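Engineer: Quick one: this structure, given as structure tokens, is what I'll be asking you about.
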Amino acid sequence: MIRKAFVMQVNPDAHEEYQHRHNPIWPELEVVLKSHGAHNYAIYLDKARNLLFATVEIESEERWNAVASTDVCQRWWKYMTDVMPANPNNSPVSSELQEVFYLP
């Protein structure tokens, strides 16, 4: 498994709405994530800084990257644009984090 972590932002007035939209995520999005090899996906909110920290274990970079081209992912990104900064293609603005420590 490949461990990934990344950081995103959430609008200051949208913390509750962001959480509401993820509890639960759309069933079809869950199916796509799992069928593309995503496991143990978690997102954490830092309310003081309006930051979201995400971790996910993936089976391959290729399968993970393929999620972005699915219809359900495209619809999800568009759905989330009013609660978080987005790129021109509606994907969330995010930065990958470098792992500096891991205790198995």
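Quick reminder: no glycine exception, Cβ is built from N, Cα and C everywhere.
Feature annotation from Swiss-Prot assigns substrate binding site to Tyr18, Tyr41, Trp76, Trp77; the stated evidence is sequence analysis. According to Swiss-Prot, the feature active site, proton donor maps to His22.
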Engineer: Can you tell me how many other Cβ atoms are located within 10 Å of the Cβ belonging to Tyr18 (substrate binding site)?
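Structural biologist: Counting Cβ neighbours of Tyr18 (substrate binding site) within 10 Å gives 19.
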Engineer: Relative to the Cβ position of Trp77 (substrate binding site), how many further Cβ atoms are located within 10 Å?
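Structural biologist: Excluding its own Cβ, Trp77 (substrate binding site) sees 17 Cβ atoms within 10 Å.
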Engineer: Just name the winner among Tyr41, Trp76 (the binding-site residues) by count of other CB atoms within 10 A of its CB.
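Structural biologist: The largest 10 Å Cβ neighbour count belongs to Trp76.
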Engineer: Rounded to an integer, what is the Cα-Cα distance in Å between His22 (active site, proton donor) and Trp76 (substrate binding site)?
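Structural biologist: Cα to Cα, His22 (active site, proton donor) and Trp76 (substrate binding site) are separated by 11 Å.
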Engineer: Could you measure the widest C-alpha to C-alpha distance across Tyr18, Tyr41, Trp76, Trp77, the residues recorded as binding substrate, and give it to a whole number of angstrom?
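Structural biologist: Of all Cα pairs among the recorded substrate binders, the widest measures 17 Å.
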